[in-house]
Amino acid sequence: MRTKFIAGNWKLNPVDGQQARDLCRQLKARLAPFSKTMIAVCPPFVGLGMVNEAFRDTNIAVGAQNLYWEETGAFTGEISAPMIKSAGCTYVIIGHSERRQYFGETNETVRLRTQAALKADLLPIVCVGETLNERESGVLKEVVSEQIREGLRGFSEAEISKVVVAYEPVWAIGTGKTASPAQAQEMHQYIRELLAEVFSQSIADKMLILYGGSVKPENATDLLSQADIDGALVGGASLKADSFAGIVSSAEELI
Ligand code: 13P
């Protein structure tokens, strides 16, 4: 059986360093009892050093929310994969829908970032998902298929086995509208079939596919108990230790 993985995406929060330190302290205490679930938190870049330090000697891993594909050079304002690695991170989120929507991320830049992450020995969490318009016009599978085929094009089986996929329907992000467990499962199963076709069945069977979009303690068990849902990428509910721990607790009970 695949394990469960719960990752928190803090997005552009919190503004204040003290709030971030308080959240880490609370998370450390609330998550201490859980030993089976894989757990990660992904703070903004400026918090990576502090958060890595706060979670040292725990089973809480840390990830960044983005990276640039060049390692060094004249690229003002960018952060590279080796920098993220040297800050102590294990993971990096790539191709989040907010980056696709507001910052010009494309399937090709997702591929470049994924390649850079793997080269630096970071585990990429690659996000895919359709907009409401795409779902309503019936092209959701085509959209997700293109995101996977192009974003993950050309990777070897050894490389792809390090990638985590996150299915995040854009219409469910931050809206309080969660995909129903059946809607989410249908897409997760589709993504796994696609991964089997593009790579291999044995790779697809092992890959973790997370669901993201208004995951809360109240809906976590129903979502996480679906056959192809291996965990969650949590936004809003990852900013409160109680709600994040509630989701981890649901995962823990299903392992
Ligand atoms: P919410 O959980 O706030 O809907 O955000 C989901 C998300 O985008 C995680 O990456």
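Glycine is treated like the rest: Cβ placed from N, Cα and C.
For the substrate site, TrEMBL records Asn9, Trp10, Lys11, Gly174, Gly235, Gly236, and the single candidate of Ser35, Ser156, Ser214, Ser250 listed with them is Ser214. Following the DSSP three-state reduction, the secondary structure of Asn9 (substrate binding site) is strand. Asn9, Gly174, Gly235, Gly236 are the binding-site residues among Asn9, Lys11, Gly174, Gly235, Gly236 whose C-beta comes within less than 6 Å of an atom of ligand 1, given in sequence order. Other than Asn9, Trp10, Lys11, Gly174, Ser214, Gly235, Gly236, the residues of this chain whose Cβ falls within 8 Å of the Cβ centroid of the substrate site are, in sequence order, Ile173, Val234, Ala237, Ser238, Leu239. The two recorded residues Gly235 (substrate binding site) and Glu168 (active site, proton acceptor) have their Cα atoms spaced 11 Å from each other.
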